[in-house]
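Some notes on the structure that comes next.
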Amino acid sequence: MTAIRATIDRTLGRFPMYRVASVSLAAIVVLAFILSIAGLLPYTPLAIAASVGVAVGASVIAGFVVARLFRRNAHLESSVITGLILFLLFWPTAEGPRLIALAAAALVAALSKHVIAWRGRHFFNPAAFAAFVITLTGLDASVWWVASAELFPLVLVAAFVVLLRTRALGLGGVFLLVSTTLLVGSRVLGGTPFFEAFSTVLISYPGIFLAGFMLSEPLTLPPRRWQRFVVAAVVGVLFATPLSFGPIYMTPELALLVGNLVAVGLAWRARSVSSLAFEERRPLGGDLVEYRFRAPSTVRFQPGQYLEITVPHRADRRGTRRVFSISSPPGDPVVTIALRHPERSSSFKRALAELPSGSRVRVTTVAGDFLLPRDASRPLLMVSGGIGITPFSSQLAWVAREGQKRDIVLVHASAAGEELPYREAIEASGARIVHVDRATFDRENLASIVPDIADRDVAVSGAPTFVDRVASDAASLGAKKVRRDLFSGY
């Protein structure tokens with residue numbers, strides 16, 4: 001099971017989130033077109049072709065024009081995803097007025113990404129906001145026709161893959177648990193047999209699609225897991241509740257928009273900067289390089305959290321954004337990250353390596369739950385593999401600066417002869433440091449190094465295969481609480 005999970009993490013980690021979402025949505029559209037040709041959907045192939053062409057085309061054009069107006073770089077794949085989602089929310093049609101309404105929805109969505117935003121964060125899911133506006137104005141009405149028995153199997157698989165890639169399975173699970181329980185419960189109380197009610201809610205309601213492709217959008221989510229679960233529960237309750245406010249009725253998109261507002265409230269103080277100024281690079285040994293940035297004001301984060309940065313450049317298939325654990329402690333005037341620079345690097349790494357001093361990179365997210373235990377008296381085992389040392393560097397530097405006395409063992413696994421990055425800061429924390437050869441590090445080594453592992457909280461950081469193997473070994477040795485931080489590659 002561990003090997004399967006590691007393989008899935010490694011495979012999905014090779015593709016950026018946007019690519020996974022766009023390909024998954026495109027697969028649903030292709031299936032819908034095939035089913036329409038076979039007469040299994042009540043829409044003509046012309047209607048589907050016209051609608052998807054207008055939705056995607058208008059989204060791409062509007063995204064480009066609006067980005068230029070705001071002097072920002074257009075994000076082609078983001079526009080394609082928005083267009084594909086809008087296509088699946090409004091009836092497929094070849095009628096001129098309704099196609100114009102669909103194009104208007106694409107424009108509203110593009111505007112919302114820049115007008116209703118703060119420091120790179122979307123206040124609202126763009127497609128949901130566009131669907132709400134177009135429905136409210138009477139230009140057209142969203143119907144979420146993607147919720148159909150014919151498309152359900154693929155939608156289920158596609159949503160699962162997207163949630164897995166974005167590490168939002170818990171988020172989607174909370175939403176579906178709350179909404180499905182309420183919807184099925186109301187139907188059962190109304191006299192519908194349970195299995196009939198359950199299948200109807202699962203197949204004929206757009207909950208799975210909303211969870212996978214809209215609720216999970218990172219730029220609309222708060223930074224902590226518990227906060228995301230709160231948002232998911234709120235959206236789930238509203239999704240299942242038939243409310244109305246004068247002429248406005250509760251719809252899936254309105255439920256999501258209210259949840260987006262809750263997320264804004266929870267995330268308001270989570271990130272204090274929108275950009276960082278690059279200062280310098282510093283080699284850490286081997287192909288490891290540290291990048292140092294200065295912020296115009298203090299960056300608010302907790303040790304162990306990550307940030308997502310955008311570096312404008314001509315990107316390869318992996319895009320212009322990456323997530324990095326922060327390796328410096330909170331409160332430092334300089335924010336640092338570290339990464340490997342192999343000979344064959346991605347376009348993002350090459351662009352980062354060529355940044356001149358003073359260049360600014362955009363910060364889109366500061367988040368994460370890979371944190372130190374609140375109880376400083378809890379014994380802790382940290383196990384890092386390669387670049388997985390970075391969140392521990394931040395945490396241990398913070399422990400040293402705060403003068404905390406914690407019982408910490410750090411086991412760092414790396415290639416033979418590779419130095420331990422950030423050794424000075426780590427040693428200052430008082431942690432016991434054990435540096436091992438990654439090639440020979442196994443369950444027996446772990447047991448001999450930390451014989452009291454069953455009494456310790458365990459945190460593991462590194463590549464997916466390494467993390468899954470070590471976490472499994474730790475659990476088999478009696479560890480009751482194991483937290484994971486996976487580096488899928490940049």
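Note: Cβ is positioned from N, Cα and C throughout, glycine not excepted.
Here's what TrEMBL has on this protein:
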DOMAIN    271-373  domain 'FAD-binding FR-type'
TRANSMEM  20-41  transmembrane segment
TRANSMEM  47-67  transmembrane segment
TRANSMEM  74-93  transmembrane segment
TRANSMEM  99-116  transmembrane segment
TRANSMEM  123-139  transmembrane segment
TRANSMEM  145-164  transmembrane segment
TRANSMEM  171-189  transmembrane segment
TRANSMEM  195-216  transmembrane segment
TRANSMEM  228-248  transmembrane segment
Contact call for the transmembrane segment (99-116) and the transmembrane segment (47-67): at least 3 Cβ pairs under 8 Å, seq gap 6+ = yes
Confidence over the domain 'FAD-binding FR-type' (271-373), expressed as mean pLDDT on the 0 to 100 scale, is 85
Kindly say whether the transmembrane segment (228-248) and the transmembrane segment (171-189) touch, using the definition of 3 or more Cβ pairs under 8 Å where each pair is 6 or more positions apart.
-> yes
Is it true that the transmembrane segment (20-41) and the transmembrane segment (123-139) have 3 or more Cβ pairs under 8 Å, skipping pairs fewer than 6 apart in sequence?
-> no
Taking a Cβ cut-off under 8 Å, which residues six or more beyond the ends of the transmembrane segment (195-216) line up next to it in the same chain?
-> 21, 24-25, 81, 85, 88, 125, 127-128, 144, 146-149, 152, 155-156, 158-160, 162-163, 166, 168, 171-172, 175-176, 179-180, 183-184, 187-188, 231-232, 235, 239, 252, 256, 259
Determine which residues of the chain contact the transmembrane segment (123-139) at the Cβ level, with the cut-off under 8 Å and only residues 6 or more beyond its ends counted.
-> 82, 85-86, 89-90, 100-101, 104-106, 108-110, 112-113, 116-117, 214-215, 217, 220, 248, 251-254, 256-257, 260-261, 264
Could you break down the residues of the domain 'FAD-binding FR-type' (271-373) into DSSP helix, strand and coil, giving a count for each?
-> 7 helix, 43 strand, 53 coil
